[in-house]
Amino acid sequence: MNGVKIIAGTSNKTLSEEIAGYLGLRLTDALITTFSDGEIRVQINESIRGYHVYVITSLSNPVNHNLMELLLTLDAVKRSSPKEITAVVPYYAYGRQDRQDKPRTPISAKLVADLIQKAGANRVIVVDLHSPQIQGFFDIPVEHLTAIPVLYDYIRKNVVLENPIVVSPDAGGVKRARDLANKLGCGIGVILKRRPEPNKAEVMDVVGDIEGKEAIIVDDIIDTAGTLVAAANLLVNKGVKRVIACATHGIFSGPAVERLTNSPIEKVIVTNTLPVYEKKFGKLEVVSIAPLIGEAIRRIQEGTSVSSLFT
């Protein structure tokens, strides 16, 4: 692909290499390292003048370091006379802080959007924002990709299902569950829950005809897995035959791996928007999001529809 440069951040270089490979490109020669005092150093070692530059950084842990790295890389690119700059952020951190749920708190998702634009991005590519409304925090084009087609394709090829039902772990994820259910040709269920404080959830009940079925719980993020495991236990108690979990972003914080390992969940399927390979455990299966992002980049460059990837 002519006229395109791909710059990889350090947070998920394997994914960046896969995306570049899909497009038949190599990664641009760039030095991203840390000074002895902890400051981030960015240096682009080849000309990018007049190119469409895609900077790929997933805002994984350490989140603040990777966010600052993204901003500095965008600034370095902006000062190098490119034709256009696209920030590719497979996992958009701070997305769960998208409103003031209590007095005197920041809207962190909006601030991150402002910083990315100020640093120089002309366009943003993201995958499964926690709240789709975050797109409205940007004043530049946002290509909001969804991993549902990728997860569906993997499930179809690798999981034998006789009588499935897709379950959303909360009311906010119903659209995601419906999209997957439509592809699988099955019904949906919804978990009703109350979250008393951050990172803790109390699962209440499930709406839907689930008895005797194979439940596929679908979510955007698996963090500490408390909600997910509680949902799985509830479904088993309500009579489902099997439980499979899938999500776009596998953070797996704190006790997540232990919880999932000891849970009734048979498989945990996530994409590689985050570098999950170091947290590999027996139930984990990882599917690459690179072809989806790569195809979106190709279509942007060709001026063809990106949204048709999901319809």
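Cβ coordinates are placed from backbone N, Cα and C, and glycine is handled just like the others.
As the structure is a computational prediction, the values presented were derived from the model and not from experiment.
What Swiss-Prot annotates here:
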ACT_SITE  K193  active site
BINDING   D37, G38, E39, R96, Q97  ATP binding site
BINDING   H130  Mg(2+) 1 binding site
BINDING   D170  Mg(2+) 2 binding site
BINDING   R195, D219, D223, T224, A225, G226, T227  D-ribose 5-phosphate binding site
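In this structure the alpha carbons, written CA, of E39 (ATP binding site) and D219 (D-ribose 5-phosphate binding site) are 35 Å apart.
Summarising the environment of D219 (D-ribose 5-phosphate binding site), the number of other Cβ atoms within 10 Å of its Cβ, over all protein chains shown, is 25. For G38 (ATP binding site), other Cβ atoms within 10 Å of its Cβ number 7. Ranking the binding-site residues R96, H130 by how many Cβ atoms sit within 10 Å of each one's Cβ puts H130 at the top. Among the binding-site residues R96, Q97, H130, D170, the ones whose Cα sits within 10 Å of the Cα of T227 (D-ribose 5-phosphate binding site) are D170. If you take the CA of H130 (Mg(2+) 1 binding site) and look 10 A around it, the binding-site residues you hit from D37, G38, R96, Q97 are R96, Q97.
The secondary structure of D219 (D-ribose 5-phosphate binding site), as reduced to three states from DSSP, is extended strand. A simple Cβ count within 10 Å picks out one of the binding-site residues D37, E39, D170 as the most packed, and that one is D170.
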